[in-house]
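Structure record follows, encoded as structure tokens.
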């Protein structure tokens, strides 16, 4: 059984994140840090839609967890000055569930569906005319006497979010007019996010302390805000409440998060690949069985960051460990 949800470095949502993120989320694009190319495009699309007094075209946001897909969706609704309805793919079990949501939307509203790749195929087919024609096809009756009626819907914007864009069907993906990939953040962007969050939380943090937390946050704002909260606890109990470089280092060492933001779970993953499979190539299913992690967890949670920092590579034959990872964990590298 995976203990991924218990990790402080997990980029999936934990209960505490709702409390943290709720008060820290920016409300408008000008306050949204990072993802500059996506922001620039969205500003143009939003301004054009407002100028024409139309609903924004449907938007697909994809990328690793914790990068701000939900936040960006709320911002889009705020910028368009409309309401947002939030749901997720697994929650919409029947076509009737989706119909109830769609018929309760107002003109130009935003419907945000998280994990849209997990939506039921029957439900997905109801989405097609809703997205294309702003209409809902309903079957009345059964058997030979069954007939279809079409209900007009208010014009709306569907924002779909996914960590697995490759799992979307072609017909669904093709109905999104705007497709945007959210990238992992760099240290400077995360430092800015941490400074902003600390200000909102009324916590003093110096530049070096913010940079130290940022450098160990795996390129992910959700993790950065979570670590900030943990370091704040440490500063209040072991210090004077101020977060300095020294306090940040002590707190993160206590949490067993190394200089690159890796923990014992990452170390186990890399060491398993090296010691059990000679550094690879090793298939994803084999690696999942050897580490006790889910295949999807490895692909969505661990791999994006390990790929970004140059510790592993994906090949047609499987995953391989690169020399940089051997050096980091002090394991002799053999070509």
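Yeah, the Cβs are placed from backbone N, Cα and C, and that goes for glycine too.
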Record-annotated ATP site (Swiss-Prot): member among 222, 226, 230 besides 24, 25, 66, 69, 70, 71, 132, 133, 134, 175, 185: 222
Output field, DNA shell: CB within 8 Å of site CB centroid, site 295, 314, 319 dropped: 282, 283, 284, 287, 298, 299, 303, 318
Spatial neighbours of residue 24 (ATP binding site) that are distant in sequence (at least 6 apart) but have CB under 8 A: 196, 197, 200, 201, 225
Maximal Cα-Cα distance (Å) across residues annotated as binding ATP, namely 24, 25, 66, 69, 70, 71, 132, 133, 134, 175, 185, 222: 37
Among 134, 185 [binding-site residues], residue with fewest other Cβ within 10 Å: 134
Stretch-averaged pLDDT - the region 'Small ATPAse domain (RuvB-S)' (186-256): 94
Candidates 295, 314, 319, namely the binding-site residues, that fall within 10 Å of residue 70 (ATP binding site) by Cα distance: none
Most crowded position, judged by CB atoms within 10 A, among 295, 319 as binding-site residues: 319
